[in-house]
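Have a look at the structure below before the remarks.
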Amino acid sequence: MVRLTTELFAERPQFVNSVNMREINLRGQKIPVIENMGVTRDQFDVIDLTDNDIRKLDNFPTFSRLNTLYLHNNRINYIAPDIATKLPNLKTLALTNNNICELGDIEPLAECKKLEYVTFIGNPITHKDNYRMYMIYKLPTVRVIDFNRVRLTEREAAKKMFKGKSGKKARDAIQKSVHTEDPSEIEPNENSSGGGARLTDEDREKIKEAIKNAKSLSEVNYLQSILASGKVPEKGWNRQMDQNGADGEAMES
């Protein structure tokens, strides 16, 4: 078990990434708990905690600068109620391959008024009835969900499904649902992120190079998530970003 200590923060790579954001790389350290983040003094736009053993998305100090969190391949099944207060400018939350199980588990994100991009690919929540519709209804500022742009017709359908008296029963049932299973008992599901061939070493190197040359945050997010999933999307990893609506317009204001 590796603790998030002052020494670890100092040792890990810190750099300005391809889209001119200051980033710290905390990947692959077997970190179980988010802690001691205050020592970074809110100096980063991006914190990358991919490939760790984190179970709870909590314990952040107030960070006004941080806007992007990469948490691919962890065991997260809990999002703290105060996340919006602690991270008021959070724009991108990437949670590919975690253990978010119930629609009710995303309730804290509804208070994140600047959240525009989320991915829950590889989480049990994606198999829930009306998953995408509820995400659209509950997170009105989000413009891209799982690399698919939210369309106006979807927003209207989501409102019709969940708004007002007719949607109250469905809302109440969802808001009462929270995940209670101990994530330590859950083994990662190799098929949870969908079909597709496994990435080859050559694919991985090409994707890493593409990340370095990315022109937008949405492109970085898309490529990072493919690396995290370890699989080639059906349309290929190097497809144009606007095919699924994850283009710069969808992400950047």
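Each Cβ is built from the backbone N, Cα and C atoms, and glycine gets one as well.
Here Swiss-Prot flags 123-161 as domain 'LRRCT'.
Feature annotation from Swiss-Prot assigns region 'Disordered' to 163-205 (among others).
The annotation region 'Disordered' is assigned in Swiss-Prot to 232-253 (among others).
For the repeat 'LRR 1' (20-41), the mean pLDDT of the prediction comes to 97. Among the features that Swiss-Prot reports, repeat 'LRR 1' is placed at 20-41.
Residues or ranges marked as repeat 'LRR 2' in Swiss-Prot: 43-64.
Among residues of the same chain six or more beyond the repeat 'LRR 4' (89-110), those with a C-beta under 8 A of the stretch's C-beta atoms are 55, 64-83, 116-125, 128, 130-131, 134-135, 138-139, 174-179, 181, 183, 186, 188, 192-193, 217, 221, 224-225, 228-229, 251. Under the heading repeat 'LRR 4', Swiss-Prot lists 89-110.
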